[in-house]
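One structure below.
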Amino acid sequence: MTKPQQQSPPSTTATTTTSPPPPPPSTPPPASSSSSSLAKLPLRLHSLASSSRSLLSALRRSPVTTLVAAFFLLALFMYGEDVRTLAELSIDDYLYPDADFYNVSALPPLLLPPPTCDLSRGRWVFDNTSLPAYREKECTFLTKQVSCLANGRPDDLWQYWRWQPNNCSLPTFDARRFMEKMRGKRMMFVGDSLNRNQWESLVCLVQPILSKGRKKIVKRGSFNIFYAKEYRATLEFYWAPFLVESNSDNPNFHHIDQRIISPERIESHANNWKDVDYLIFNTYIWWMNNEDIKVRRPNSTSWSDHDEVPRIETYGRVFKTWSTWLEQNVDPARTSVFFMTISPLHNSPAQWGNPNGIKCVKETLPVLNYTKPLDLNHDMRMYDLVAKVAKNMKNVPVSLIDITRMSDYRKDAHTSLYSIRQGKLLTPEQKADPQKYADCIHWCLPGVPDVWNQILYTRILSKSSPPSPHPPLPPQ
């Protein structure tokens, strides 16, 4: 890791402005070709590579051989294969070895916090020695939406704050330890753009240890899939902002005036969640436009045929559908399920003692001098409902990762005016209207979602022992 440039700690005068106190082993990610065709792909690519070597030497001997060879190679490329799939999986994926197994047992023991330690309670500590975990310009997989420095943000202090739990320490994210745990497995973030924000963070945390040309992102429908080819592992994001079916399920075109959901219909999404080793869910921000939610009537043929139902009632129906699906379709011996709690909005500066501010604009420091939690007007009924559902799961444990309070204090870390709208950077005219255009929902990277992943990493490694030195490779 490149040693970060030393940053000066924030001055005490500044703080007074704050308020007091590879593809999976069994089934690859969905593709446009059939699963049987995909299963045969590695064998065909191996045959293609072997045949190519033989044919290349024959090309020099006869024009007829050359013509036959050309037709043969064309047939190998076209027969029974989807062009997109061939483009995504190159021949060298099957000619070069996997990453060497990382000898985790040779490392110092990983000091994990005790189960009794509440990782969600603590404080933010300025740390310009070990942070940031990566540099924005060094992670080429970052989207423009969260690349705040590249988008013109003039300060970078938000990157240098480490989360310190009150009664224990949080292990530093070790990408090699994590990827050994992920070898031959799938991890999938399911939800809205905040879960995508966290997925991007995780990709940036692991990508430095992966060889050039052996890592890539493929976007297909509702999926963004990061392939760590040396580990035959995938880190995936799946767009489902309400978890259940809605009229906002198109991952590219979902800016809809009237959001309508089907609380009892989940299969079109959930069928894509099967055979995944780690499932990380979220859903909150898309519920917050109105107190009542538009709900499609049962057996209706149009989204326009709907009723308005109180938000908390609809949320409860969705989580009944979601939890039932998990109980009936997830094998807890294979799959670990996590749920990320509320990620806050910072739209009301008076809530942190800055009544003259405009949303999160020009905030450069966390809330530091606090003695009690901030009140940011979260709908805590929704938080409590998810916690109750998780507690009452019978066969499939759901682990809540509480990111809410720690993130509440980070008014400084949002993308604010240094983001994009409809694929374009904000214009000077838009920046002049921060009340309308400042994004105080999403987070700059590197930043707060790195800590969320640090906690996820800790929870995953706390649940099991180190992997065997020589586990079998997943079938190709």
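The backbone N, Cα and C atoms fix where each Cβ goes, and this holds for glycine too.
Annotated features in Swiss-Prot:
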type	residues	note
TOPO_DOM	1-63	topological domain 'Cytoplasmic'
COMPBIAS	19-31	compositional bias 'Pro residues'
TOPO_DOM	81-476	topological domain 'Lumenal'
CARBOHYD	Asn103	N-linked glycosylation site
CARBOHYD	Asn128	N-linked glycosylation site
CARBOHYD	Asn167	N-linked glycosylation site
ACT_SITE	Ser193	active site, nucleophile
CARBOHYD	Asn299	N-linked glycosylation site
CARBOHYD	Asn369	N-linked glycosylation site
ACT_SITE	Asp439	active site, proton donor
ACT_SITE	His442	active site, proton acceptor
Please name which of the recorded positions listed here, Asn103, Asn128, Asn299, Asp439, is nearest in space to Ser193 (active site, nucleophile), Cα against Cα.
-> Asp439
Determine, using Cα-Cα distances only, which of these recorded positions is closest to Asn167 (N-linked glycosylation site): Asn103, Asn299, Asp439.
-> Asn103
Please report how many Å separate the Cα atom of the residue listed as 'active site, proton donor' from that of Asn299 (N-linked glycosylation site), as a whole number.
-> 38
Densest Cβ neighbourhood among Asn103, Asn128, Asn167, Asn299, Asn369 (glycosylation sites), 10 Å radius = Asn128
When the Cα-Cα distance from Asn299 (N-linked glycosylation site) is computed for each of the recorded positions Asn103, Asn128, Asn369, His442, which gives the smallest value?
-> His442
Could you measure between His442 (active site, proton acceptor) and Asn103 (N-linked glycosylation site) for me? Cα positions, answer in whole angstrom.
-> 37
Quick one: give me the count of other CB atoms within 10 A of the CB of His442 (active site, proton acceptor).
-> 22
Neighbouring C-beta atoms (10 Å sphere around the C-beta of the residue listed as 'active site, nucleophile') = 21
Around the Cβ of Asp439 (active site, proton donor), the count of other Cβ atoms that are within 10 Å | 21
Express the distance between the Cα positions of Asn369 (N-linked glycosylation site) and Asn103 (N-linked glycosylation site) as a whole number of Å.
-> 43
What is the pLDDT of the topological domain 'Cytoplasmic' (1-63) when averaged and given as a whole number?
-> 46
Rounded distance in angstrom between the Cα atoms of Asn128 (N-linked glycosylation site) and Asn103 (N-linked glycosylation site) | 30
Please report the DSSP secondary structure of Asn167 (N-linked glycosylation site), reduced to three states.
-> coil
